[in-house]
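Asks: So that we are looking at the same thing, I have put the structure below in structure tokens.
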Amino acid sequence: MEVKTSLLDNMIGVGDMVLLEPLSEDSFLENLRNRFDHNEIYTYIGSVVISMNPYRSLPIYTPDKVEEYRNRNFYELSPHIYALADEAYRSLRDQDKDQCILITGESGAGKTEASKLVMSYVAAVCGKGQEVNKVKEQLLQSNPVLEAFGNAKTGEERQLFQIHLLEKSRVVKQPRGERNFHIFYQLLSGASDDTLKKLKLDRDFSKYNYLSLDSAAVNGLDDAANFRTVRNAMQIVGFMEDEVQSVLELVAAVLKLGNIEFKPESRCNGTDESRIKDKNDLKEMCELLGIEQSVLERAFSYRTVEAKMEKVSTTLNVAQAYYARDALAKNLYSRLFSWLVTRINESIKAQTKTRHKVMGVLDIYGFEIFEGIEWTNIEYFNNAIICDLIENHQNGILAMLDEECLRPGTVTDETFLDKLNTICAEHQHFESRLSKNSKFLTDHSLPHSCFRIQHYAGKVLYRVEGFVDKNNDLLYRDLSQAMYKATHSLIKQLFPEGNPTKVNLKRPPTAGFQFKASVGTLMKNLQTKNPNYIRCIKPNDKKASHIFTDSLVRHQARYLGLMENVRVRRAGYAFRQAYEPCLERYKMLCKRTWPHWRGPAREGVEVLMADLQVPTEEYSYGRSKIFIRNPRTLFFLEERRRQCLQDLATLIQKIYRGWKCRRQFLLLKKSQIVVAAWYRRYAQQKKYQKIKSATTVVQSYTRGWQARKLLRELKYQKRCEEAVTTISAFWHGTQARRELRQLKEEARNKHAVTVIWAGWQGTKARRELRRLKEEARRKHAVAVIWAYWQGLKVRREYRKFFRANAGKKIYDFIIQRIMQKYFLGLKNTMPPMSPIEKNWPARPYLFLDGVHKELRRIFHLWRCKKYRSQFTEEKKAVYEEKLEASEIFKDKKALYPSSVNQPFKGDYLEISKNPKYQKLNSAVDEKVLLADVVNKINRANGKGTARIFLLTKNSVVLADQKTGQVKASVPLPDLASVSVSTQSDGFFALKLKEGSASAIKGDFLLSSEHLIEIITKLHRTGTTDADREQLLVDISDEFLVQFKQDKVCVKFIQGAPKNGNSVSCKRKNNRLLEVSVPATA
């Protein structure tokens, strides 16, 4: 059976003020304070809900809470706004009654939040389906749109949009400490640069006259995020993209309109006129709205007045021009807001043609409608006299304000106040120091430019400044017609009166007239609905949690009439409850109704009340409820119920303990039988195991004896077989050795014969060789002698010719011999083939200096060519990188000399082979040119975090060293430059191009032991791609690094090592990181 709690169970203070005893203003506030201190922010006055704003989040609005209050009686659970929302929704659904929920309270009391909670609850419990869910989502998403365009941040958090009227004057002027409507600040803060460029706007608030600067930024309000929320909400509600753009264009036009300024000019006839100072803002506004600049400029300078068949055109002075500009801005924004409300209503209305059920949520004061039983008449303050003072058609304040605005001649706020002082002076609720009533002449709390009305809850002071201007709300016909000529898609809809074919000569209605008409329409609408009430109270002015200000809450309780509400409820019947829950709650107090009543619930309640002897004047029976007049009677029933519950609890405990003891005894008895059975089984098993063990031992001994006997027989047989084998082996060995000796003897004899024959053949060969050599020497001697003889004959024959050319021949011979000797000597003294070898033999003669140098050059080129021909393609690439590193860093960075003899390895992590980096290797599709571990420097403290640095042909990748997860991937085209210092550190900064997708998080400051190789490969990768700009390498001891929105200076200084670290990085301030590098020797 489902256990239902009640409003009266575990109650903190009194959940329903009707039950408060004794009833006074102090006890009323003390009960509110007690419940507020225990986070009970909701309290009832009958069916009225009092809501205290906690100014913090409470865990009482979860989906579980929604289900808890769903389809439950209003008084069945503790007070909650969900109970009222559920009551209204079920009346709408089950009884087909249109509902309205009236939410009252001053600014900051939580009225908007209460309306959101009601709508979210109804959205959660109503029907499902695609169309229903769509409408629910649109309904909830309409709030951000209406709040952005109709709300402003004010000193009191006022909600500025009403159901029918908007505070238009706020568009052009805001009180000190307050700001304009949210959408202006949201647009400038959250729109993209491209959107602002299209709208011809700048992000700087100070460039727009209509935006107050003293409260532009509000703590806890993120305008940029709210703008994105509004854009998304407009899409969900059903706005097309072109409609959203049109709305933003109108908002931008209002801002541009406020920047238009005028200067005076005098005409020849002596009249004053105005001219626009700077036409740039006017031009941009006309481009946004599609209006000819000359048409709008004339509308700001001239005014056309029509009377019957005549037209008169007059010039506007500077003050009138500014009035016309502000009037256009107010009307443009006000009509845009009205169009938004209409557009949202069209999107979320149901599409069927059947009659719809209506639930309205309004922040307006209303009157409760009681049940149809006999009630006692209660005297209370009738507010009709105040309403008549304000809205009487002849002598009401609004009527006199309209009359003053329509009166010819000079009309000011002072003339309006004089008229009030004349007509309303004798009214008992009207007070003014300038009226005929002399008792207010010395009242210094009442300023001269104000009047005061005594309402039922207290006196309210009204300042007349701006009353006439705000009530006029006059837009010149020239401006309306200029707007109608616009090509913008919305402007023609917003200014239909500008159509020249439909000219209306009637004066437009005043703001007061519009207000009265709207209130009348609203009241007529409310009279057809079933009302539900929520009274919102703010506990303090600081908007802080856990603070309860007695004076502030007392003031709100008075003007909300909460005490009168309680007295009205108590004057009739303090408590009411349906018969079924009443009988269910108190049936244990009567033997005839306990534990079950078989008849109707009302008869059971009658039997119960008669048995308890409650006086009949203390209660009354209605159609479906019992009404209890005095709270003491209810408390009597509750006390009897509490005592009876204690007796029932004792009886239940006694029966339960007896049942528990019997159950324990039967369990013990059953357990004893089970234990005995298990013990007997265990004893028999143990005896069986002993017999089995003894049998096994005897069997093992017998089998062991048999096995040992068999083993002895097998061993003897094996020894006999082994003896025969051994004797046979010895005999065969003796035979084999004898045969081997015979073979060896025969081999030695054959070898001796071979040796003797070889020696004889050698002797014969040597003798023949000596004979041949002697014969050859003889033949050679004969040839030499013959050659000398032939030479002598030739010399004798040609001696005469030789003497004539002897000098030249001898010179040529000597030079040839010297050259021959030089080249032969150079061949023997040739230096090593190493390209870096600088030694070269000295020249023997001065005339060989040019040849000597040219040969040295040619030899070095040939030697280098020979050396290069030994290179593989990989080695060539390494030396090319070394050459490029020399061009970049030689004589520029102190770290370069130590890197010359270090080969460029590239993949220091063997990323393709190491299984630890398998996931990272698969994430990088391209070939890895360099893989190393670097340190990413933290801007906050200068400490480094280990990261894996990967360089491919098209990008740079930084990944976590432990997990291999990619942290950042930067395309090489996004790199603008690389900055390093001139010292021996390994720090370098990767600077990204502004505006690139990778530049959102800022530049990267890294350090590595292989800095020269990393920078060289980065520079080389960018150089080899013809379509890519060459990467700039900046070598300086001080450079800037962009971290998100801030620029930080990185400065390198020389200093002593600290804590054993050769290089240390330390944060000096928000704008400086200092890197200390040890001085090089």
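Keep in mind that glycine also has a Cβ here, set from the backbone N, Cα and C atoms.
Keep in mind that TrEMBL annotations are predicted by a computer and have not been checked by a curator.
So TrEMBL lists these for the protein:
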- 12-642: domain 'Myosin motor' (DOMAIN)
- G105, E106, S107, G108, A109, G110, K111, T112: ATP binding site (BINDING)
- 519-541: region 'Actin-binding' (REGION)
- 893-1079: domain 'TH1' (DOMAIN)
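Provide an account of the burial state, proximal residues and distances for the features listed.
Replies: Looking just at the domain 'Myosin motor' (12-642), the mean pLDDT is 79.
For G110 (ATP binding site), the Cβ neighbour count at a 10 Å cut-off comes to 23, with all displayed protein chains included.
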Asks: For T112 (ATP binding site), list the number of other Cβ atoms lying within 10 Å of its Cβ atom.
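Replies: A count of 18.
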Asks: Within the region 'Actin-binding' (519-541), count helix residues (DSSP H, G, I), strand residues (E, B) and coil residues, in that order.
Replies: 8 helix, 8 strand, 7 coil
Asks: Using a Cβ cut-off under 8 Å and a sequence separation of 6 or more, which residues in the same chain sit near A109 (ATP binding site)?
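Replies: Once residues fewer than 6 apart are set aside, A109 (ATP binding site) is near S51, N53, C536, I537, K538, Q556.
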Asks: Measure from the Cβ of K111 (ATP binding site) and count the other Cβ atoms within 10 Å, all protein chains considered.
Replies: 23
